[in-house]
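As recorded in Swiss-Prot, the features of this protein are as follows:
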- D163, D169, D225, D227: Ca(2+) 1 binding site (BINDING)
- D163, D225, D227, D233: Ca(2+) 2 binding site (BINDING)
- 536-553: compositional bias 'Pro residues' (COMPBIAS)
- 1-125: domain 'C2 1' (DOMAIN)
- 132-255: domain 'C2 2' (DOMAIN)
- 299-500: domain 'VWFA' (DOMAIN)
- 531-553: region 'Disordered' (REGION)
Amino acid sequence: MSLSGASERSVPATKIEITVSCRNLLDLDTFSKSDPMVVLHTQSRASQEWREFGRTEVIDNTLNPDFVRKFVLDYFFEEKQNLRFDVYNVDSKANISKPKDFLGQAFLALGEVIGGQGSRVERPLTGVPGKKCGTILLTAEELSNCRDIATMQLCANKLDKKDFFGKSDPFLVFYRSNEDGTFTICHKTEVVKNTLNPVWQPFSIPVRALCNGDYDRTVKIDVYDWDRDGSHDFIGEFTTSYRELSKAQNQFTVYEVLNPRKKCKKKKYTNSGTVTLLSFSVDSEFTFVDYIKGGTQLNFTVAIDFTASNGNPLQPTSLHYMSPYQLSAYAMALKAVGEIIQDYDSDKLFPAYGFGAKLPPEGRISHQFPLNNNDEDPNCAGIEGVLESYFQSLRTVQLYGPTYFAPVINQVARAAAKISDGSQYYVLLIITDGVISDMTQTKEAIVSASSLPMSIIIVGVGPAMFEAMEELDGDDVRVSSRGRYAERDIVQFVPFRDYVDRSGNQVLSMARLAKDVLAEIPEQLLSYMRTRDIQPRPPPPVSPNPTPAPEQP
């Protein structure tokens, strides 16, 4: 039995408040200054269409507005959240449809604002030919209630007996209600075996996952009897809210567990037991945004598989084939992940390596060669620079083998080992088509790297079976080597074919891939910081919005 039709939505993002100012705007009014307003548009991931999200207030007679009305956006690290800020001069009728009222616009991603120094960026306004349109200043602030963590403990009494030869094996499932009336699963307790009076272990959950910041939003809790075959028996349910749960900080709260079917069929039905909230507390913890705002940089490194199993790059059947019409799976994976991570790296310089190729002129086999052919400086300028070096390498090296991961993992680990203050966190993207040839050495490298500020993303391309890669992704069983277990789960593996859009929409394919492979990075960074007791540094001092010269009346 599936658990009560929970939807497949992501856990709610943290909420980011954007403050907007402008400087040196165009002056369109004849007898006074412009009356500016900013309109924010967000871009749909699926259709790429721009939709209006909100507007600031209008500030009269100024070219240097500091707007009071803010924009509050859900923030997902793993998504490219494109924003467009349009600035208008608004007349008394609030009419902004005329082209002459347009003062300029700026395009950028939400990640660029958060990744800016002190989560603050300044961008030039463009869009009016032949005119300097001034600048827009954007500041991102995480809403305070997004960092709250609720810890609670529950027990039950006299639950219905569901097992024929014994008592029930009860567990709880928590659901957050959505605005459209559906429910999203947000937590499952452990199973307590063979009892009708279970006491569950205390657990913690982000408040935003429980209610998305709405303290009165319905929280539904289902009670199930666990069955080995997965067809868990429904015992009953009850509803509450974050606000009601929080009252347990001062008193026990008892809920009746009701089974709607039994209630309809049996006149004398009272309930299927009770659940008691024994304790409830709320604490704040540091978030991913805290570390980014404090200056932590994400250092992105790429490693690409140049083994012969990819096929001749000159042939359309090759996974490396450079079609003039569309990107290869390798290029799509690189672009999808890199274009998001680059917003959190101030210098935009990315080391990029290949492995499994014979290098000219002597034909030496290398498992860690710089794509830009520069052993002293393997950095490429931006993701476009990485792609350019990758395409150039395909023209000069000979695809060969075998497939070794350990050398490039150890290379990045050596750099990460030099950082212990939380100022940098390394993300290695490995893109490969086949079976790994150095599994023992790779496991050893991963176990060693698990104690460092480092995460590894592996994307499998092509039709191969990737069972060995699943073994490296420690979601279910922690990776081990020589009896030593990885300190943290730092590997995320996905097969690219699972994300290819059937209609051939490459933008959508890349967005889906990035969403899955990057979703774990914030928590992996936080787990490293917590185990090392590293607190985020205070945001660097940022000069206040530049004060313009006094405007002449």
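Placement of Cβ uses the backbone N, Cα and C atoms for every residue, glycine included.
Remember, predicted model here, so these are calculated numbers, not experimental data.
Neighbour counts of Cβ atoms within 10 Å were compared across the binding-site residues D169, D225, D233; the minimum falls on D233. As a summary of secondary structure, the domain 'C2 2' (132-255) carries 17 helix, 57 strand, 50 coil according to DSSP. Per-residue confidence over the domain 'VWFA' (299-500) averages out at a pLDDT of 93.
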